[in-house]
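Visitor: First, the structure itself, so that you have it in front of you.
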Amino acid sequence: MIILIYLFLLLWEDTQGWGFKDGIFHNSIWLERAAGVYHREARSGKYKLTYAEAKAVCEFEGGHLATYKQLEAARKIGFHVCAAGWMAKGRVGYPIVKPGPNCGFGKTGIIDYGIRLNRSERWDAYCYNPHAKECGGVFTDPKQIFKSPGFPNEYEDNQICYWHIRLKYGQRIHLSFLDFDLEDDPGCLADYVEIYDSYDDVHGFVGRYCGDELPDDIISTGNVMTLKFLSDASVTAGGFQIKYVAMDPVSKSSQGKNTSTTSTGNKNFLAGRFSHL
């Protein structure tokens, strides 16, 4: 009996921050910043920064590379990122709250690669700046409109913003583009918005968008969605406004009709991950 109680307490501790509260599944992967610590990657993609470059990125934003203790303090309040990055003194690692088979080797804590002798290795960065102003955010309201930084004025160069939408379990997300004007190029390699039908920007890729044509509406397959906005160091444009509305689960009486209603009315849409209502 004592052993069973002990095992229960261990499991309870492990699940804190990863369960349901007020009908919303809380998963700390959504936290882009905690205790002044935040994750940065190069604008060219993941694992592109040398130690000197990572240090310069943090200092450019008014901060510095996070120490191991600062990263661990952030992890203890829910900071979870599945990407190795430079820390102070040439250390590399990443914070894991929830163990998983594809991230963290099934462990929790700081996955520590130690102090690297080769400072030319390329990783991401973990910066510390408790006073930095970040674009993006986490939304749990049933409907919301969010905008590019400075909208309706043009956005600035060198922006990286994340918006995470997490609704009540069972709901889905109807995403609509109200205004959209980004630098246009054939491969959307300069300025773009990426949409993911998941809780992070690793899984569930839906599409990358640029130019000035309004993308079609998108409906998620679940109650979470992630949007990433990136601008490069040159041309800017008018920016965007994006609206989302929660879609309640289809009632049993309407099953089989392949219909659903939101306050946005009937419009063409792309279902997240190409599923259908």
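Each Cβ is built from the backbone N, Cα and C atoms, and glycine gets one as well.
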Visitor: Per Swiss-Prot, which of GLU183, GLU213 sits in the Ca(2+) site along with ASP191, ASP232, SER234, VAL235?
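Guide: My reading of Swiss-Prot gives GLU183 as the candidate in that site.
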Visitor: Among CYS58, CYS103, find the residue that Swiss-Prot gives as the disulfide bond partner of CYS82.
Guide: CYS103
Visitor: How long is the line from the C-alpha of CYS103 (disulfide bond) to the C-alpha of CYS58 (disulfide bond), rounded to the nearest angstrom?
Guide: 25
Visitor: Given the recorded positions CYS82, ASN118, CYS127, CYS135, CYS161, CYS210, which lie within 10 A of GLU183 (Ca(2+) binding site) by CA-CA distance?
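Guide: Checking Cα-Cα distances against GLU183 (Ca(2+) binding site), the recorded positions within 10 Å turn out to be CYS210.
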Visitor: Using DSSP with the three-state reduction, classify CYS103 (disulfide bond) as helix, strand or coil.
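Guide: It is in a strand.
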Visitor: Report the member of CYS82, CYS103, CYS127, CYS135, CYS161 (the disulfide-bonded residues) whose C-beta atom has the most other C-beta atoms within 10 angstroms.
Guide: CYS127
Visitor: For the recorded Ca(2+) site formed by GLU183, ASP191, ASP232, SER234, VAL235, name the remaining residues of the chain with Cβ within 8 Å of the site's Cβ center, in chain order.
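Guide: Result: ASP157, LEU182, ASP185, ALA190, SER231, ALA233, THR236, ALA237.
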